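Take a look at the structure set out below.
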């Protein structure tokens, strides 16, 4: 059994041992020098020599090594084939991701070219307007100067005539003989009399008024907000579609399903503008149904369609050209008369309300709620207590882009921090727009990312500016008064004022609470990052609300902590509520950031 040519595992690497085995070279036992490993212990899953089988492996089942090698080779071959089978899909994925990367760069370059072209055109338009203003200015000035110069010429000529006539007459009277005076007396008398009676243009025929007024504030604000970059982080394989309309539909009736977009980590995408396509095709591909897509601008989309013919269909949903999770769906269209009766319909008839004719306030009840309410009727419905909603996504008055804080004053005003538009908007209690103020920037009096807002006892508006890292104070008409907390605050998110006039600020980044006097002097601060007493985990109430933005009803509690009442929001669901305030007329105002609006409710009692 001794073989000096055998390969010794203890003196070479694992790869060398494998190479030696593959080449058919015998492997030497590491425990018995010179002995070749010809056996395999199934219990210990190791190779060994004859001496090993008679030693520590004496009680174990051993088999010839060659038999086990063939079995393991077959198993490895199967595993290898399984790995190799993934290569084509990996190649396809590499090509797809590379193509998306190429398209992204192409889109960026196209957008850069469009931005450059647009702004160059604007620059040309500005230059043309500048030239036109200067030209008009020159023309107006020239016209006025012609009038003034003509008047000036007439006045100078008249003055010269008077001076020359007076000089000549005085000369004749002083130095002329009696004969000379008599000869010119009549001529000079007529000339002097005519000059005395002449109507000279002594009052100005023009004025010097020529100003140029260029109102730039509105234009500057427009330029600062000019251009919107549209994109999302939505990907198809995590985004979902829900609704009965994915599986079956009644012919001739509008069906609606909801698509909820998510990013690669499965987190909800809260912005719209994703490229979503829907295609419904009959099984024999002879009929295609049109689908209408509505962008809710909050990361969800409604897809509506109507099928005219019965049969089997394929319902494909593509997000950025990739199939949505579960797509394509198998869809069956049946006659409306064949649709089974819904249990909800039966319950609704049994529980039909009595004919009181008016709205009945009900005690708050817990019942299932869903963001997909458009396709499924609710059990035991309760009418929403929504009075009105104000706003949509935009940059004009009464429009918002990610509103955050909301507050109400005792004077009947609702004040909203319009975060991404870098301004504060003010409304009356009934939702009428009153004013807007704020300019984007990082100087005192400017706003970079207003997140929290409150109104103090004097009517001053107090704004927590997350990115500027300070709190700004404005008068009730929007004039800047003071900033506090600069150099101390790291990321103020919420702000409130107590009965003593102290300004209480929640610093989200520092995970602590600051209390200032109204003049900016620090009274105290407390808190820190952590989970112990008097510590915070870095999440404000608003960010906690965002964890489950699609089912947030609003619930009110007494100061003791007991449940008081419930606001039903299911018909028009909240999508990312960020702030809440109680108006002076006793209603609840909620800042709904995901829907870019604020909503005002009565609440059930």
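Backbone N, Cα and C atoms are what each Cβ position is placed from, and that goes for glycine too.
Those TrEMBL annotations? Automatic predictions, nothing curated.
Annotated in TrEMBL:
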- 24-65: domain 'B box-type' (DOMAIN)
- 231-333: repeat 'Filamin' (REPEAT)
- 335-377: region 'Disordered' (REGION)
- 389-430: repeat 'NHL' (REPEAT)
- 434-477: repeat 'NHL' (REPEAT)
- 478-519: repeat 'NHL' (REPEAT)
- 561-604: repeat 'NHL' (REPEAT)
Remote residues contacting the repeat 'NHL' (434-477) - C-beta distance under 8 A, at least 6 residues beyond either end: 221, 224-225, 397, 404-409, 411, 413, 415-420, 422-428, 483-486, 489-497, 501, 503, 505-506, 508, 516, 518, 579
Cβ contacts under 8 Å made by the repeat 'NHL' (478-519) with residues that lie 6+ beyond its boundaries: 405, 424, 426, 435-438, 444-445, 451-457, 460-466, 469-472, 525-530, 535-538, 540-543
Residues in the repeat 'Filamin' (231-333) grouped by DSSP into helix, strand and remaining coil: 3 helix, 58 strand, 42 coil
Within the repeat 'NHL' (389-430), residues counted as helix, strand or coil by DSSP: 0 helix, 22 strand, 20 coil
Per-region confidence, the repeat 'Filamin' (231-333) (mean pLDDT, whole number): 91
